[in-house]
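Per Swiss-Prot, these features apply:
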- LEU18, GLY19, ARG20, GLY21, GLY22, PHE23, SER24, VAL25, VAL26, LYS55: ATP binding site (BINDING)
- ASP457, ASP459, SER461, CYS463, GLU468: Ca(2+) 2 binding site (BINDING)
- 358-379: coiled coil (COILED)
- 408-443: domain 'EF-hand 1' (DOMAIN)
- 444-479: domain 'EF-hand 2' (DOMAIN)
- THR279: phosphothreonine (MOD_RES)
- 25-51: region 'Disordered' (REGION)
- 59-78: region 'Disordered' (REGION)
- 337-350: region 'Calmodulin-binding' (REGION)
Amino acid sequence: MEYGTRKLSDVYEVSEILGRGGFSVVRKGTRKSNNDDEKSQSQSKSQSQSQVAIKTLRRLGTSNNLPRKKDGGENSTETMMKFPTMRQVSVSDALLTNEILVMRRIVENVSPHPNVIDLYDVYEDTNGVHLVLELCSGGELFDRIVAQDKYSETEASTVVHQIVAGLEAIHRANIIHRDLKPENCLFLDVGKDSSLKIMDFGLSSVEEFTDPVVGLFGSIDYVSPEALSQGKITTKSDMWSLGVILYILLSGYPPFIAQNNRQKQQMILNGNFSFYEKTWKGISQSAKNLISSLLTVDPAKRPSAQELLSDPWVKGEKAKDDQMDPEIVSRLQRFNARRKLRAAAIASVWSSTIFLRTKKLKSLVGSYDLKEDEIENLRMHFKKICADRDNATLCEFEEVLKAMKMPSLIPFAARIFDLFDNNRDGTVDMREILCGFSSLKNSKGEDALRLCFQMYDTDRSGCITKEEVASMLRALPYDCLPTDITEPGKLDEIFDLMDANSDGKVTFDEFKAAMQRDSSLQDVVLS
């Protein structure tokens, strides 16, 4: 793994977006076959590195943070990859720097490992820091499970064994994942015997070396009691998360279910869960004993990953091979659909500017009021001017404002653009800007909600995808957001009320109904 003066675009063809987070974007990359770098390598590159995932993190600091070899000079074409230290970046970049530091630890102490994502290379340019990662094209853990014709404890133990093997490797390197959940476990390929990889180390920490750089946010389903109470986080915290995953794999629902978020927090802190007879009567006692040991409130009493590698159930020796009750699979399918919707939303609202975005936009443009036909014209100009129909660069955004004859807004273009360039990739979703402007006109009520919804319903089908719901939530007026939305688990509580038929899409009526059932939103949005 090396870092040199080449540009990312010299080595890789970057294509479609695979996923987005609050601070990053992941795209598919294909290694070019005619670049000088490849010719200087060994006879041929492995197939696994020809197709990669490229994760772009916004730029760390104000200068090149990846120092070069002293003997290589400024014109060295290739040098060993170095990583920025915490001193080289501002505190605001700590989260992203943390991911790079943890990935360095993985490269040095874990890779290559069949159950941990591999980092091939790192590039840095004006757009940010690019991590060239192993491409996992086999889908998420739960997606694979619910698509199987046959599902039994044996299949569940097989995937759990792989997660345990990955955890054992990173724990041996003193790395705590801190965000273990189904969406962070991906299959390498679509093959039946594909290995399962643990990925996304953005929230991870190294014991006795780095401090966790973020607090709790979003879902608390997989969060350990010690994390919830802000106690000491250790590798045993990951084992609790594994226990939650295993419980869901064997039942189709999470172990801690409550009427509201506060009750759920208390249940987790007390370790209050049950094996309901109707669901669990067909599950082996070995599996239930394993779950009970993992979901023990005292971290010291939980088994380690190393200990679990020799557990008879994890090894498949005591896992039942009988096909599970179809109702369990059906519940797992419904749970998976809701989980993916929530995950998309939580990823989208992970930014320090999100909840103040519309408020800041109002302060920038003042009393400028867009009429409905102007908003529609703005949409048309975006589509006409922008090379990528949905995403606009700063230059394209300025061209749109000029075409719309909005000279008074042009001086603020860069600042408005920056409000919506959430992952710092140099582009913004034009629909978010449209929602922001429409929110200036209608800052509350059902009309504002419907306006934002229609901005994303581009095919006028009457429903939007889970990713679009997340983006819409991100662009809603500041006044439409409940004051406790950053409270751990609050988004879970809201999104549990959406997607009533679990089809992965949300209609306006479903979205509105969820708002009506949530008193904190109802008072503000629908009053």
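The count begins at 1 with the first shown residue.
Each residue, glycine too, has its Cβ placed from N, Cα and C.
As the structure is a computational prediction, the values presented were derived from the model and not from experiment.
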Argmin Cα dist to SER24 (ATP binding site) over the recorded positions THR279, SER461, CYS463 returns CYS463
Consider the recorded positions THR279, SER461, CYS463 and say which one has the Cα lying nearest the Cα of LEU18 (ATP binding site).
CYS463
Expressed in Å to no decimal places, the gap between the Cα atoms of CYS463 (Ca(2+) 2 binding site) and VAL26 (ATP binding site) is 25
Report, in whole Å, the straight Cα-to-Cα distance of THR279 (phosphothreonine) from VAL26 (ATP binding site).
38
Give, as a single whole number between 0 and 100, the mean pLDDT over the region 'Calmodulin-binding' (337-350).
53
Which secondary structure state does DSSP assign to SER461 (Ca(2+) 2 binding site), in the simple three-class scheme?
coil
For LEU18 (ATP binding site), list the number of other Cβ atoms lying within 10 Å of its Cβ atom.
16
Rounded to a whole number of Å, the separation of the Cα atoms of SER461 (Ca(2+) 2 binding site) and THR279 (phosphothreonine) comes to 38
Counting every protein chain shown, other Cβ atoms within 10 Å of the Cβ of SER24 (ATP binding site) number 25
Just to confirm: which same-chain residues, 6+ apart in sequence, have a Cβ under 8 Å from the Cβ of THR279 (phosphothreonine)?
SER251, GLY252, TYR253, ASP325, ILE328
Helix, strand or coil: which one is SER24 (ATP binding site) in, per DSSP?
strand
10 Å Cβ neighbour count around CYS463 (Ca(2+) 2 binding site)?
20
Least Cβ-packed of the binding-site residues VAL26, SER461 (other Cβ atoms within 10 Å) is SER461
